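Working notes, structure below.
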Amino acid sequence: MMSGGEEAEMKRIWGAFYGQVIGDALGVTCEFLNVQKTTNEMARIREKAGRKNKDSIFPMVGCEEMGVEAGQFTDDTEMALSLARSLIAKKDFDKVDVACAYSFWLCATQPTDSGMTTRNALTADIFYDPGILF
């Protein structure tokens, strides 16, 4: 059984994960857009959904150009989950295990998208020679 402090900490951890996943699913719509384009796109989406008040709840609509459906999260969440799995398994931050978790995610799950820097880092020849990096 958890103490009150442990329970409160666990709620904060879960809250952080929920926030990350929901924020990712909401934000994919305007990912890579500048401030002006984001503002315009958000106004267009709200109007299309019949939510003209800028303080109304923003609908999850996904991103057709990226092949992401409404409510679907992206590689950002998948990498956060890989990090969480490593932290739980090791009960601490282990850079080698985190790197392996990310590499497994990229190679085994074949994500629909990943950042170019992430893909380059996890597929670099140097990554496969642990003596060089670690």
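Yeah, the Cβs are placed from backbone N, Cα and C, and that goes for glycine too.
Quick look at what TrEMBL annotates:
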type    : residues            : note
BINDING : Thr74, Asp75, Asp76 : Mg(2+) binding site
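Features recorded in TrEMBL, as mapped to the structure shown.
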residue	record	Cβ contacts under 8 Å, 6 or more apart
Thr74	Mg(2+) binding site	Asp24, Ala25, Val28, Glu31, Met66, Val68, Asp113
Asp75	Mg(2+) binding site	Pro111, Thr112, Asp113, Ser114, Gly115, Thr118
Asp76	Mg(2+) binding site	Gln20, Asp24
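According to DSSP, Thr74 (Mg(2+) binding site) sits in a coil region rather than a helix or strand. A Cβ within 8 Å of the Cβ centre of Thr74, Asp75, Asp76, the residues given for Mg(2+), is found for these other residues of the same chain: Asp24, Val28, Phe73, Thr77, Glu78, Met79, Pro111, Asp113, Ser114, Gly115.
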